[in-house]
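A.B. asks: This is the structure I want to talk about, given as structure tokens.
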Amino acid sequence: MTTMLTTPLSGWSQLSLSFLTLTVGALALIVVLYISIDRFPAPRWLSKKYQLIGQKDPASTTSLECPYSYIRQIYGHYHWAPFVHKLSPTLQYDDPAKYKMVLEIMDAIHLCLMLVDDISDGSDFRKGRPAAHRIYGPSETANRAYLRVTQILNQTTSGFPHLAPWLMRDLENILEGQDLSLVWRRDGLKNFPTAPLERAAAYQRMASLKTGSLFRLLGHLVLEDRSMDDTMTLVAWYSQLQNDCKNVYSTEYAKMKGAIAEDLSNGELSYPIVLAMNAPDGHWVDLALQSPSPWNVRNALRVIRSDKVHQMCMAEMAESSSSIQDWLALWGRKEKLDLKSV
């Protein structure tokens, strides 16, 4: 009978075996960490982008002393002027004081809403520039927005009292729509309809309040009647659709915002997101809204950017824009919606 002899491993072999064991263990740990990180939302303070944008000294980023002046510089003064000219071509000459007041009101309401929106959304950029609250801080930015809106309300009441009721009513509707959107974000989907048609209708009603009221306000201020409500509502709905779609479909928009699918990561509903909930694999969208981990967001984006959802969004944009092309030419926003399934 042959006896098997075993010899102890040499020192080099033992070292190699130990190194191999450590390497395998380290790789396993990396895989576990990656899977864990990929499945859970990362704290915003871990983002290098989040750390770099904020400035302790606003003067190092802009010479403008307040958030409102800063965002107004980005968009330009009186950016609603083309719409006013279309609604009333001679207002600038017939009543220059009212003409200027209408433009001041529209700038103040629109831009101040964006200041607060960017805080709510945690946005880092606005049109490729640092968002105002990332320069001046959330508290000063929000307070300046409230201050400017209060100033414009007082100026309207004292100087143009016949315009004040229109402004107050439409501003209330805008904020009601914004509040509804924020409640959905806070509560998740438990208070949102489940049937596809009901979901789309609920979202469109919110958009009509939040965005539609802003556009209708312009018609109310210029014409002092409701004769353009239907047209302004349609222009507003297209604007909302365009904004929603570019958030998930536009490479250009993602570069300017410094984020892809910001609405989804923030747990905020948009038209493509609402449609995707009822698409095949729509449960990924629900999961991403509840827990926006990289894994959930990637899978949700795959559904949102699917051919079916993309085609439904493009069809709605085409239908809503068919009768308002002259108004959309004034709006002038044409981001290329080129992102597809991932």
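Cβ coordinates come from backbone N, Cα and C, glycine included.
From Swiss-Prot, here are the annotated features:
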- His110: isopentenyl diphosphate binding site (BINDING)
- Asp117, Asp121: Mg(2+) 2 binding site (BINDING)
- Asp117, Asp121: Mg(2+) 1 binding site (BINDING)
- Arg126, Lys210, Thr211, Gln240, Asn247, Lys257: dimethylallyl diphosphate binding site (BINDING)
- Asn154: N-linked glycosylation site (CARBOHYD)
- Tyr146: site 'Important for determining product chain length' (SITE)
- 17-37: transmembrane segment (TRANSMEM)
A.B. asks: Identify, in sequence order, the residues in the chain of Asp121 (Mg(2+) 2 binding site) that are 6 or more apart from it along the sequence and have a CB within less than 8 Å of its CB; answer 'none' if there are none.
C.D. replies: Glu262, Asn266, Glu268
A.B. asks: Do you know offhand how many angstrom separate Thr211 (dimethylallyl diphosphate binding site) and the residue listed as 'isopentenyl diphosphate binding site' by C-alpha?
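C.D. replies: Checking the Cα atoms of Thr211 (dimethylallyl diphosphate binding site) and the residue listed as 'isopentenyl diphosphate binding site' gives a distance of 10 Å.
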A.B. asks: If I restrict to non-local contacts, at least six residues apart, and a C-beta distance under 8 angstroms, what lies near Tyr146 (site 'Important for determining product chain length') in its own chain?
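C.D. replies: Looking at Cβ-Cβ distances below 8 Å from Tyr146 (site 'Important for determining product chain length'), excluding near sequence neighbours, one finds Cys112.
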A.B. asks: Which three-state DSSP class does Arg126 (dimethylallyl diphosphate binding site) fall into?
C.D. replies: strand
A.B. asks: Among the binding-site residues listed here (His110, Arg126, Lys210), identify the one with the smallest other-Cβ count within 10 Å.
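C.D. replies: Relative to the other binding-site residues in His110, Arg126, Lys210, His110 has the fewest Cβ atoms within 10 Å.
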A.B. asks: Would you pick out, from the recorded positions Asn154, Thr211, the residue whose Cβ has the largest number of other Cβ atoms within 10 Å?
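C.D. replies: Checking each of Asn154, Thr211, the winner is Thr211.
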A.B. asks: For Gln240 (dimethylallyl diphosphate binding site), what residues in its own chain, 6 or more apart in sequence, show a Cβ-Cβ distance under 8 Å?
C.D. replies: Ala207, Lys210, Thr211, Tyr271
A.B. asks: Compare the C-alpha of Asn247 (dimethylallyl diphosphate binding site) with the C-alpha of each of the recorded positions His110, Asp117, Asn154, and give the closest one.
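C.D. replies: If we rank His110, Asp117, Asn154 by Cα distance to Asn247 (dimethylallyl diphosphate binding site), first place goes to Asp117.
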A.B. asks: Of the recorded positions listed here (His110, Asp117, Asn154), which is spatially closest to Arg126 (dimethylallyl diphosphate binding site) when Cα positions are compared?
C.D. replies: Asp117
A.B. asks: If you measure Asp117 (Mg(2+) 2 binding site) to Asn154 (N-linked glycosylation site) at Cα, how many Å is it?
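C.D. replies: Cα of Asp117 (Mg(2+) 2 binding site) to Cα of Asn154 (N-linked glycosylation site) measures 23 Å after rounding.
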A.B. asks: Within a 10 Å radius around the Cβ, which one of these binding-site residues has the most neighbouring Cβ atoms: Asp117, Asn247?
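C.D. replies: Answer by Cβ density within 10 Å: Asn247.
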